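Under the heading compositional bias 'Polar residues', TrEMBL lists 510-524, 638-650. The disulfide bond annotation in TrEMBL covers 309-326. Per TrEMBL, domain 'C-type lectin' is recorded for 30-163. Per TrEMBL, domain 'EGF-like' is recorded for 300-338, 343-377, 383-424. Annotation comment: TrEMBL describes 1-21 as signal peptide. Residues or ranges marked as transmembrane segment in TrEMBL: 580-604.
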C-alpha cells in the first residue's frame, strides 16, 4: 500500500505545472464534484472528448445550486481573458439530443438527456422556445454576455443548436465546461506561518485556492517567505481514512513559526489557537465540537450540525450521537448517495382508475375525454352525458355512449360538418339513381313531391303522370258558379237529359234532347310516357282531377256545371300545348335564320378572298404601262411625197 501511494504521489508531482504555486486553469470544487472551464472553439464532440480524457464529462446543470457553481467557474475563466468586446458567447455543457429523437414539450429537458447519464431533472433555464427538429443531433450551450459581469441573480441561459463539427464548432462558441465527480473531498491544508500550497488534481489541474480538494489529489507545501526557505517543503496526498472520511494524514499546523505564533492565519487552527510561553501554540475547539486527528480541524459532536443531508432530506441522529441517517419527506426517496432525495413516481403502481399524472412529491388522477370526476361514492370517473338537455352538440338526433356520443339525422337528411354533428337536406330530385318522379320533381326540406305538365294529372301513386280526360264538344250552357268554385279541376261527364213538352192532349211528354258528346264513366283512359319538360305555368302547380258520374233525373235539368269545368280544363290544356308548340317553332325558325345569315356571310368572305388571291397571283408585264397606237392603212402609208396635195397622185 505504501509503495502504491508513493508511486501515485510521484506521478502527480511530476505533472507539468506542479508546485508552481499559480492557478493555470479555472476550477471550482464543491461537494463531491469539481468544475473546470476552458476556452477554445471546439465542436461539442471535441469538447466531450477533452473532458473524457481526464476522467470527466461535459458539465451537468441539474439544479439551481449547480448552475451557480458553473457560473462561478466561468467567472474565473472570464476574469483571466483580455478585454472582451460586447458580444454573446456560448460554452458547451453536457445536454444533448440524439438524431431521430424528437422534441418533447411536456418534459423540462424537452427530450434532451445528460451525457453522463442520469434521470430527467426538473431544473431548466431555456433561453427561448425550442425548435422541433428530429433530423439532426442537437446540443445545448450556456449563453453569456461576455461584456457583462456574471451575477448570482442572473444565471446563464440554455441555448440549443447544431453540435458543430471539427473546424466548424458553431456560431459564437467560445469554450466548454467539464465536470469531474469523486467519492469524497479533503479540507484545504491550513498554514500556521508563511508558505504556499499548490494542489494537483487527478484531472491535471493545478490550483492554490480550492475550497475542497478532491480525493487522490496531491498537495505541495513550500514554507517560508523566499527562496532561502525552499528546502522546507512538504508533500501530502488526500486519502480515504475511513468510509466517507478523507484526510491528508498530517498532524498539526504546517509552516509554524515562533515569530508569528497565533497571529498568522490563526496559527492554522480551525477554531481556537492557544499560545505557550515559549512561542509554541496549540489548536482547540469550542464547546460542542471536538478536535480531529489532524490537531487542526474541529468537528461537531453532533454529526447533523454540519447539515450533511442535502435538498429536502432531514438528518436523524443515530445511537449515542455518533452517526446519522437522512430521511426524506413523503413522496420522495433517498438517492444512491443516501444524502439527497429524489421524487417517487407513484404512477408506476397505477393508483388511478384512468389517467395518472406524477407531480413532485405526489401525483394526481385525471379522467379521460368523455368522463368527469364523480362525486364521493359514485366512483373515480363517470361518463359525461353529452346528449343531456342543453349540452347536445347534435343538430337533430343524439345518442350517448360510454365516454362518447354519436349524432343521427331524420329521414331525408344526412350528417354533415367537420365534426359530424350537423344535418343537411338530401336533394332526392338529383340523386345518384336519377329523378324519382316521371315528370316534375320539387325538393323540400327532408322530402320531395312530384308534379305534372299542363294537360296531365298525377297518378294515385304520386309519381307517375296520366293524360287528363278530354271533352269532345263545346259546353252547352253557362257554367254553374257554385259547382265551379266547389269542384274546380274536377271532371264530371255530362248526361243525356229530356226536355219536358206537352202534347196535344195536354199531357206532359218527354221529348228527348241530346247534349254534347262526353266520355262515359267506365271508358278507359290511356296515357303516354312523359318526358322531363319544364312546366309552362308556375312551378309546383299540377292538377288532380276527380271523376264524378252524373245520373239521370226526372224533370227539367239545367246543364251541369261540370261540363263547363271540363271544357275550361280542356281549353287550358289545349292552349298550353299550342303555346308550347308556338315557342318551339319560333325558336327553330330563329335558329335557322341565324344559320342562313352566318352561311351567307361565310360564302361572301370566301369569294372575296379568292378574288384577292387571283389578283395577287396575276404576273406583271413591262408593257402594262404602255398603250398601242392605232395602225394606218398601207395605202396611206405609201403617200407620194411630191404630191402638192397630200393624199393624191396629182
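Residue numbering: from 1, along the chain as shown.
Glycine residues also receive a Cβ, built from the backbone N, Cα and C atoms like all the rest.
Remember, predicted model here, so these are calculated numbers, not experimental data.
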At a 10 Å cut-off from the C-beta of residue 326 (disulfide bond), count the other C-beta atoms across all protein chains. 21
Excluding the flanking five residues on each side, which residues at least 6 beyond the ends of the domain 'EGF-like' (300-338) place their CB within less than 8 Å of a CB in that stretch? 32, 288-290, 344, 346, 360-362
DSSP-derived helix, strand and coil totals, residue by residue, for the domain 'EGF-like' (383-424): 0 helix, 18 strand, 24 coil
Composition by DSSP (helix, strand, coil) of residues within the domain 'C-type lectin' (30-163): 27 helix, 37 strand, 70 coil
